[in-house]
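Taking it in order: structure first as structure tokens, then the write-up.
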Amino acid sequence: MVKRGKKTKYLFVTGGVVSSLGKGLAAASIGALLENRGLEVTHLKLDPYINVDPGTMSPFQHGEVYVTDDGAETDLDLGHYERFTSAKMTRKNNYTTGRIYSNVIQRERRGEYLGKTVQVIPHITDEIKAVIREAAGGVDILIVEVGGTVGDIESLPFLEAIRQMKYDVGEENAVYAHLTLVPFIAAAGELKTKPTQHSVKELREIGIQPDLLLCRSDREIAREMKDKIALFCNVDPSAVFTALDVKSIYEVPLSLHKEGLDDKLAELFNIWSRAPRLDKWEQIVQKVKAPKHGEVRVGVVGKYVELHESYKSLNEALVHGGIGADVRVKQVFIDSTKLEEGDLSELNQVDAILVPGGFGVRGTEGKILAVRHAREHKIPFFGICLGLQMAVIEFGRSVLGLERANSLEFDEQTPHPVVTLMEAQKAVADKGGTMRLGTYPCALKDGTKARELYGVDLVQERHRHRYEFNNAYRAQYEGAGMVFSGTNPELNLVEMIELNNHPHFVGCQFHPEFKSKPFAPHPLFAGFVHAAREQRDQQADRRAAVTKLPVGKNV
């Protein structure tokens, strides 16, 4: 519902020179600063690829697919927005070229353009402007991040649309922020501004004059160099800011505030706001950089480990768990396909094992080996989505003796389909946007670790899957000691499992990483990291006891 009585102001964030400069983090950090000044903020990500959404894209190409409460499969930057601010993202907060064109084509088929020739301008650009206004929803500030790099042909309709927006809403209601790179050339021993100058030149040729520049650099940019950038880019010298490389992403809001970015935005928007309250951000950064209880090593066993962006929310949720336990989490990425070769030595070097979500049969046997290692050696274990299914399969094979127990996803001929296709999925033909997506309730069983960690009887968690535990095997599993600690109250689907004869063995069918924040670590991640810390301390105590044995003592 659009709120009345407010006129939304728009901040458009673009990027130049190279990709992966951190526009999403910059946008999220600006959102955090403005929110801490008492303003209501939300975000919109515009992605220039033709896919309708990233749901069917390879993690190696796109990175993580972030799932919202309403079941949208979106860009991972929406995760940054939710973690850094209190804004709730929905399908309205992420649009792709494919989705924009699909909307326009559907309207054309319905005859809504009254026989006109449908063109990029005005029809595509008008649709882009319409979704921008819809995403605003009456907040104080809408931060719009335009994906890609200025100069990419795919981005042109979006850039034209945001160019028009300034004239639609007025000068004081639209600000353009451009993120560029100011590289340090070691051979010359100095920073170079030419890439930034060319990037801004390209943006101005499109018709957009940036109001402020965020200059990404691995070192402070001197005032003289900022003045030079301002001169050649036609920007006020007070609107050129260093976007400094930092050790933790949670330092970015503090770094930008130190540069005076939020003050400048308040000036450009001509909007009153209070001084920001950043104490909690300073506390978080302190815990991340100097935890009281040292470091734990968590093995993340997956098949997308070469690209850490594939597990972005999970990586951050582990950091949040570390904040809660006042410990640094060192993530050790373990390729599950290599475990299948028989060398499990990497699993002996970690304090806890996590098997995240995934799709496809490749690497699954390695994940099952990791589950067995964690179960038999009493190493804290956490299985998410596919990780729960791997735990169920391993338990069926090793404990129940169900030979060739498997998921129907991987072996349609298995004699023991302990993981099966959900009933609602059996008639589904299309791949895109058809999984069990979004938030569903999970009822927790009294006396379980899950109930203890959450502290409530009913929780709401986000899902992204087609397969589930086969309830036909439920009695067998319970008889052998597996506890089904969480179920969907409407369909009786298994949502959580655990083992009582283990220090910490928990699996969940949902994705708790999507609801974790630095100021509110998710209970399952907080509990898991705490268990890893206890495991580390117990191992240290055992090693200390061995070193203190008398010489010649037989043990």
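Cβ atoms here come from the backbone N, Cα and C positions, even for glycine.
Keep in mind that this is a model prediction, so the values were computed, not measured.
Now, the feature entries from Swiss-Prot:
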type: REGION; residues: 1-271; note: region 'Amidoligase domain'
type: BINDING; residues: SER19, LYS192, THR193, LYS194, PRO195, THR196, GLN197, LYS228; note: UTP binding site
type: DOMAIN; residues: 297-538; note: domain 'Glutamine amidotransferase type-1'
type: BINDING; residues: GLY358, LEU386, GLY387, LEU388, GLN389, GLU409, ARG466; note: L-glutamine binding site
type: ACT_SITE; residues: CYS385; note: active site, nucleophile
type: ACT_SITE; residues: HIS511; note: active site
type: ACT_SITE; residues: GLU513; note: active site
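For the recorded positions LYS194, PRO195, CYS385, LEU388, a Cα to Cα distance of within 10 angstroms from HIS511 (active site) holds for CYS385. Fewest other C-beta atoms within 10 Å: among the binding-site residues PRO195, GLY358, GLY387, that description fits PRO195. Nearest neighbour of GLY358 (L-glutamine binding site) by Cα distance, taken over the binding-site residues SER19, THR193, LYS194, THR196: SER19. With GLU409 (L-glutamine binding site) as the anchor, the candidate binding-site residues are LYS194, THR196, LYS228, and the one with the nearest CA is THR196. Each residue in the region 'Amidoligase domain' (1-271) has a pLDDT score, and their mean in this model is 94. Farthest C-alpha pair in the L-glutamine-binding residues GLY358, LEU386, GLY387, LEU388, GLN389, GLU409, ARG466: 14 Å apart. Of the recorded positions LYS192, LYS194, ARG466, HIS511, HIS511 has the largest number of other Cβ atoms within 10 Å of its own Cβ.
Counting only residues at least six positions away in the same chain, the Cβ atoms of PRO356, GLY357, GLY358, ARG464, HIS465, CYS508, GLN509, PHE510, HIS511 sit under 8 Å from the Cβ of the residue listed as 'active site, nucleophile'. When other Cβ atoms within 10 Å of the Cβ of SER19 (UTP binding site) are tallied across all protein chains shown, the result is 11. Across the residues annotated as binding UTP (SER19, LYS192, THR193, LYS194, PRO195, THR196, GLN197, LYS228), the two Cα atoms farthest apart lie 24 Å from each other. Across the structure, LEU386 (L-glutamine binding site) and LYS228 (UTP binding site) are spaced 53 Å apart at their Cα atoms. GLN389 (L-glutamine binding site) is surrounded by 29 other CB atoms, counting those within 10 A of its CB over all protein chains shown. The residues near the L-glutamine site, meaning same-chain residues not in GLY358, LEU386, GLY387, LEU388, GLN389, GLU409, ARG466 whose C-beta sits within 8 angstroms of the mean position of the site's C-beta atoms, are GLY357, PHE359, CYS385, MET390, SER407, VAL419, HIS465, TYR467, in sequence order.
For LYS194 (UTP binding site), the nearest of the recorded positions LEU388, GLN389, GLU513 in terms of C-alpha separation is GLU513.
Non-local neighbourhood of GLU513 (active site): SER313, LEU314, GLU316, ALA317, ILE384, HIS522, PHE525, each in the same chain, at least six residues away, with C-beta under 8 Å from its C-beta.
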